[in-house]
Amino acid sequence: MKTTTDFLKMKAAGEKIVMVTAYDYPAAKFAEAANVDMILVGDSLGMVVLGYDSTMPVTVADMIHHAKATRRGAKDTFVVVDMPFGSYHGDVNETLKTAIYMMQETGADALKVEGAGDIIPVIQKLTTAGIPVVAHLGLLPQSAGVLGGYKVQGKTAEQATKLIEDAKQCEEAGACAVVLECIPHQLTEIVSAHLIIPTIGIGAGVEADGQVLVYHDMLSYGSHHVPKFVQQFANMGKEASEGMVRYVEAVKAGTFPAQKHFFTMKEDALDQLYGGVQS
């Protein structure tokens with residue numbers, strides 16, 4: 001399994017870091033078999049798995065449930081788990097208790113939090129306690145309402161300057177990596193150059209030190225809206241939909257189950273069942 005030190009070395013060597021989300025055992029198995037470098041159990045599961053309109057309803061219990069399944073499917077991959085909305089915005093000592101609980105319950109290798117500013121003390125508190133933290137800047141899904149929706153961030157010089165400073169503060173606070181979401185690719189290049197820790201982009205251009213995509217988006221699996229920055233590398237949704245239709249048709253037509261799917265009793269057992277007389 002790779003470690004935070006390995007990711008620093010990969011950045012220094014110019015080797016791209018591959019991260020993908022996973023929320024359950026089979027997805028994690030696929031990801032590990034493909035040799036991804038990191039798996040993110042994101043609170044995006046609220047939208048792509050649980051059917052919510054945003055990530056805000058996702059709870060700590062939700063994250064632990066899905067992270068446990070993911071960890072079982074990817075025992076040898078670096079797993080990052082999101083701290084959900086509201087779990088790290090209050091007293092830092094309470095946040096630390098929650099973070100420790102999540103780490104112990106899930107077997108995660110790191111936790112991820114969104115934002116800078118008031119979140120910097122959280123990053124410091126967790127990393128001082130020995131919990132690796134991945135920061136998240138740019139578009140912050142948990143704060144999308146405050147940001148005016150799911151829009152590109154850092155497009156003005158003022159916004160870009162603030163994001164660069166926020167990234168530096170996250171690194172100084174002890175973050176082991178930073179996710180950059182939906183920012184101009186030129187800004188990604190600048191931020192990446194200013195940091196020792198790796199940047200992981202999502203909708204942030206090729207200049208990031210690594211990339212992350214949502215499993216369901218990249219495989220077209222149940223996603224009704226695909227963002228501009230996503231490339232679909234397979235069409236699982238189409239295959240699943242067509243397979244479901246074929247199943248319904250086969251059952252209705254009486255062609256499933258076929259004889260090869262049957263289990264059979266021996267004749268003497270049948271005789272005993274019917275008392276030697278079969279109708």
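Using the three backbone atoms N, Cα and C, a Cβ is placed for every residue, glycine included.
In sequence order, His136, Leu137, Gly138, Leu139, Leu140, Pro141, Gln153, Gly201, Ile202, Gly203, Ala204 make up the list of same-chain residues 6 or more apart from Glu181 (active site, proton acceptor) whose Cβ falls under 8 Å from its Cβ. Residues or ranges marked as active site, proton acceptor by Swiss-Prot: Glu181.
Positions annotated as 3-methyl-2-oxobutanoate binding site by Swiss-Prot: Asp43, Ser44, Asp82, Lys112. The Cβ of Asp43 (3-methyl-2-oxobutanoate binding site) lies under 8 Å from the Cβ of Thr55, Val58, Asp62, Met63, Asp82, Pro84, Phe85, Pro141, Gln142, each on the same chain and at least six residues away in sequence. Under the DSSP three-state reduction, Asp43 (3-methyl-2-oxobutanoate binding site) is assigned to coil, being neither helix nor strand.
Positions annotated as Mg(2+) binding site by Swiss-Prot: Asp43, Asp82, Glu114.
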Which one of these binding-site residues, Asp82, Glu114, has the sparsest Cβ neighbourhood, judged by other Cβ atoms within 10 angstroms?
Glu114
Near the Cβ of Ser44 (3-methyl-2-oxobutanoate binding site), how many other Cβ atoms are there if near means within 10 Å?
22
For Glu114 (Mg(2+) binding site), the three-state class that DSSP assigns
coil
For 3-methyl-2-oxobutanoate, residues beyond Asp43, Ser44, Asp82, Lys112 with C-beta within 8 angstroms of the site's Cβ centre include exactly Leu40, Val41, Gly42, Leu45, Thr55, Val58, Met63, Val81, Met83, Pro84, Pro141
